[in-house]
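To keep things clear, I will list the structure first and then write my remarks on it.
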């Protein structure tokens, strides 16, 4: 055959394309057959000529060259293809599509060798202009001469008008052959070349690639796509391809020859959609004619189009449709399969006849036919008998035939929608409206010509004519982790994807599967779901049928509606009907080749899902045996993607929608040859494309392996609504404006429309269904009422079959029950009438049946004296949902074998679940309770009080809350609050508790089993487990019993007793067994767990300290022993109780669903959360698309959150179209974001496509108009006033209780301002209203109005305390509305907010925020506590950020975290989440931190008003305004000042504890890692404050620091006039300020109080009799100033040589460099004492030279006094300094006499009593010669401090000072009989002589000996004194005179002079005496000391030679 020269038809016809309509007005242009060869751009375009030939025109020789496939790629510069068609019937021939008007048609008839009236042709040329691919598309209408072209070698006369020329780029995909009415395409002949079979097969796979023909509905003629974004039925035949760059390139659509002008498509999509909307549900059967009125298929042109077409006033154009069917023979082919190993030969498929069903749309104007066009063509392509020959390990797309495009033309049932969705971001549209393929799109590669070059990996991208990627309805393909779809890999486009006779199936717009532009159908595919079920396989079989074995069944029926996708949509079989080849082979192929998720639906597949249920597996299977699970049948509705999506393969790895036949997995290379392609999880794209192509060719190969037998119908699983995992059903009715729940019915109501059903689920939110009918039925001799609820598309699975609507039964309520009860209301009524009767439960009862008033205390008011038994006929029953105690009182009653489930009881007085009180030998046995009790007084899990009554073999499990602040006595217990009386017994029972309490006084008790056990009551053989968090430390709290003491009698004999009990309870502020210890307690065999955390804040030695409590621990067992001990004590097993009649727990079982894969069970569960309301078949369908590499396959999905970028979306209705991201939150805190794109609505659910996954997502809410609800409730809510009585009543407070400490007033106002938006979110997040109904809406209105105060309080509370972010994601809405975030999908945000608001004043107090989360929110969120929840959020949104870093970035507080300079410490401090971390968040969330409630206030600070300083041992908090004044005004000045000083303060605190770390041993060092609270005073200045602010602010103060932090934290600091004070676990600055320098010294003082006993003193504690102040001031505290003349250690301040005070400095310059270890400290003090002892010796000698009177003036005597302490001990010395008598003076003859007579200087030690625990310092230059000791106890404060330092100099800190000032030798003292009574206990008494003995090992017998030895040691070195130069104090200071000496004698002379002067002046006794000025001795000693201090570099060396 010769190539016809330049066959380029250039006839043009301007017309507006509407859906399925060829404009009647076409300007007829007749052109002669003058076709000059088109010019080729510099981009090497090639001329491709399509000549249309009837098979009758072929010679037998030519028929042998026929290739039964579709041309694929441009190979040469100039190519001619003869496209061969077979005539279906003469009738069909008679009318070819007419594009002209009636008059024009008459004119056109002339000269047509074929009676064709106006043939519509697309001429397409592609060119690249300014980097944009532009397709010039012209509709050429013409006939006759203009088209008659003589063919030299092969004549084509009959179809000459269809000839078309294209200018394409080499390697580009070829356009698809056109659909010609009355003809069936069977193959092609390429001029001058014979195509090998292998090529043919390859081409099949790529068939879809040619221009995508518009596929008209393949399934149902009458159905029209009405989705605005999807293009509607496109006139298939004409569109050759044009506007889509991709269409020519990657037309993976089955045969869509479509390609319509983008602009026209747009018009079609808009106009036609409106016109066709009415006909959406109409279904035309074959040959059925519909009148224009019946099918409101009215198409109109835009005025401008009408002008173009020559017609301005266009009459109404109507149409009807008819169906025609033609059979197609099959042939035999041999294919090379790259998927098969070389040498392997197999029969790929047996031949099978195909058939072609065409739906012709006949257009008429004024009842006269003006034209007709093929709306859709459903081709079951013949399956050629294909023999495969393996060439390598690649899959030959020959199998694609199976998936091959059935038909390039529109398949029947597919609605071709010309308009491409413009919003698709994937494609750029050029100025011509043609899509510009973006090179970045992975799906399509654009050649230099701008044409998409098919890439093996991007089969998915199909660009619509508009240049926008067509959306594929969520093609089954899954690209969660999909590899990029490769266009060439088109898995054979599943031929079967569209049902062959899809015409019957109305295709539904893309409701079901929103296409993700990037997904497989990427560009151009639009997936639409058919609303009707896909027809049987035979009809639906399309290329996709064969796709994967399982795929066809589900996918079939879906057709590509996109013009460009015209390639057969999945679901159609393009194979000729005649193919007799057996389908068995195709089945195999399909099975063998998993579909690549990315393929299949590649371009143009439009997945249309039928809404009917999938047929049973056996029915759905095609010849291939297995039907592609879900994809088959899905067809792309997009113009460019008409190709059928490949059916999903069931193979797990191919999550793709389209299943590829064996070869389908291969990608098609540019030349059309298949290349092996790894199974990408989703091969939908390729499959659909290629399979479509093959099918479209009609080649036998085209059949997909899964293709069903032509005679069988494979139905896509019908997508319906299904309510799964139903746990309970509640029936409500509206009567007289009141809603009532019905547990049963008495009769059939006359007005069922006033009823609705609340369907509760164990996994999903409540759904409200309107009741359609209620009828009475008799079953098993019982009268039941059948309740039927109806909602669009809702079905219910009953006995493995689905039935429309939702039904359930309620029992008939017995008019009266006397003994056996099945109704709670009847039970309550009966007992109230006769409280002494015997009652049995005959069913589990629901307490919701009875509503109580707000003031009612119990359900049964009178005292019950009868019997209540919860067991009947061997079944155990329960009462559910008690809101109040069941009984008020029990007296002599019996209650047994009863369970109380889900109690939620609250009350202001004493409460218990079963009863408030039981007395008079009431017996409670085998009663089990679970739930929550909250109150303000006594609480018991079963009883608040049990007097002379017993509880046996019973249990409680749940939460008990009473954090109410009151001084009233109360008792709280896990089982019973107060157990009292000698007959009272609790035995063989257990409690699992979480108790939150706030005991304030000793008569408030809390116990894991009982609070108070007194008057001989007993607890035996029982145990408690769980947690007790008691905020305050003054109550009696313990794991078993709070108190056993009988307060009534005060007699230990009548106390309560414990026998064989165990505590496995973590207790804060309490003990393990009992909360109060006394002698002779009646306890026996008590046990506790070592693993429990039992911390007690208590009063120890005059101080409040927090430490682990080992008191009342009983026998401590290892954690491993606890379980066995519990079993031994009490092997209690709880009974199994019957659920409520309306309850049930049935998880979704997917195993019975067709195509279920066991290994995907988790995946189905995950998809279930993405499609919460869809039926199981649909879930399985999409579950099979999930890639095995995807998190959706591997991890449990907890929740899905819609977002717009980084903003959480809750209001779905308002943001339906703007949502663009879906956050998937998986278990283990994993998450991922997928692109989200709205597709359409289905049954009031918004459907979205998910990224490139091919998956669907629907929010967990139905779309309904919330406006009416909001309008009704908003006014009422707006009227609520924060200070109203209604609010107070809701809070439960009296008028005189302030609401201040809620700190909600400002937020309350803000919340009201934003109420409308909040209500939209709330209604969206809450129960699903499946149908707009005044009854269900009224129920919500009523609930909101009735609880408006509580709702506002709850909403305000959460908006106030949870308004913070993680990065860019604010979590407020997650906390408020997305309660399912952590996997608990059935919580109601509305109910949660209301219950939170009703939880009471105490629960809503800001300071209780941590407990409030645990009490009111944790269970609703499915979490455990606040901090684990915050961490989970952080791990999801900021996985690479630590908790602390996130916290610091979010809070507006100024945080300084100062790590140690010691490397090992610094390293530990960087360990996040450990006790070593100095991260503020880590520390304040620690379990041992008292103020964990700081987290939320700090996270929500609105401004910078608070600073935080964190160092090794402390955590400080202060307000900026504490430093605000006229000098530091608000703003930058204040901020800079505070922040600079905060940094400096942090460094000082760091240095102080670095010092201590260096000198302590390892054990003590470990204890330095702690968390002492530092608080600056609540004193706030303003810009006018002078100096320091002094006024104390209270919690009402408006200061921002108080309002937003200090107040909400609730630490009511007691302010006083001190500089600061410590409590043992905290330091409070009062007069001093934390950031000042004196605040640093205060820090060392107060921290000594918090550190001495357990850390500084080695854990030995303070020595008995020494008060806390002894250890701070004058001993371990740093000196106040550098020039302090005291014996102290500077451990905190760094001084500088350049300081102004340097000349006077007497303390260590820099402690960080001076003290590197304990030896350095000892060396410093020892060397310092070298100077001290020497100077004291010199002074003493000088004084001895004076007369008696002078000596008396200069010296005093220190003595001891003894005063009894509170325990009567008279052993603690009090130092008294007094003047000497003459006699005493006269005894002072030698230096040692000064020591022996306890002499000290009068210069700085005034006469008087130095009280114990005083603030005294030891003077550096005022000698204490005395060695006064206390041999019967503890030294006085003066002598104690001095001797302590002397021991430090002599023996060091650990070996000298610590033994002296601690109780280190207490045990030795006790052994020696030295004891005292302390706090009722006998303790060892350490005496001075014992210390002397132990420290010096009997070296000295008296302290005088020790002291003399110390002086002597220095005297012995006087001759080696180092030379020193010092200020000459005898000269005026202005002279700066110096004196140098190395002679002690010279120093002695100087001292003599100085002493004499002082004696002469006699200043020592003056009141205003100042030694620095008035004492010559002081000045001399100071000068010498300072000189030696400097000379020795802070005493790093001695003042004596050769001594260090």
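Any Cβ shown, glycine's included, is placed from N, Cα and C.
Given the structure is predicted, the values throughout are model-derived calculations rather than measurements.
Marked as signal peptide by Swiss-Prot on the basis of sequence analysis: 1-42.
Feature annotation from Swiss-Prot assigns transmembrane segment to 106-125 (among others).
Look at Swiss-Prot and you will find 132-154 (among others) tagged as transmembrane segment, backed by sequence analysis.
The region 'Disordered' annotation in Swiss-Prot covers 194-213 (among others).
Among the features that Swiss-Prot reports, region 'Disordered' is placed at 235-305 (among others).
Feature annotation from Swiss-Prot assigns domain 'G5' to 314-393; the stated evidence is sequence analysis.
The annotation region 'Disordered' is assigned in Swiss-Prot to 373-394 (among others).
The region 'Disordered' annotation in Swiss-Prot covers 422-720 (among others).
Per Swiss-Prot, the feature repeat '2' maps to 436-452.
Counting every protein chain shown, the Cβ of residue 1649 (Zn(2+) binding site) has 23 other Cβ atoms within 10 Å. In this structure, residue 1649 (Zn(2+) binding site) is part of a helix by DSSP. The Zn(2+) binding site annotation in Swiss-Prot covers 1645, 1649, 1669, and the record cites similarity to another entry as its basis.
Residues annotated as active site in Swiss-Prot, with sequence analysis given as evidence: 1646.
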Next item on the list: Looking only at C-alpha atoms, tell me how far residue 1646 (active site) is from residue 1669 (Zn(2+) binding site), rounded to the nearest Å.
Entry: 9
Notebook entry, point to check: When a 10 Å sphere is centred on the Cβ of residue 1669 (Zn(2+) binding site), how many other Cβ atoms does it contain?
Noted result: 20
Checklist line | Neighbouring C-beta atoms (10 Å sphere around the C-beta of residue 1646 (active site)) | finding: 27
Margin query: Suppose you look only at the domain 'G5' (314-393); what would the mean pLDDT be?
Written below: 69
Note to self: Using a 10 Å radius around its CB, how many other CB atoms surround residue 1645 (Zn(2+) binding site)?
What the structure shows: 23
Next item on the list: For the recorded Zn(2+) site, enumerate neighbouring residues of the same chain (Cβ within 8 Å of the Cβ centroid of 1645, 1649, 1669, site residues themselves excluded), in sequence order.
Entry: 1622, 1646, 1648, 1668, 1671, 1672, 1673, 1677
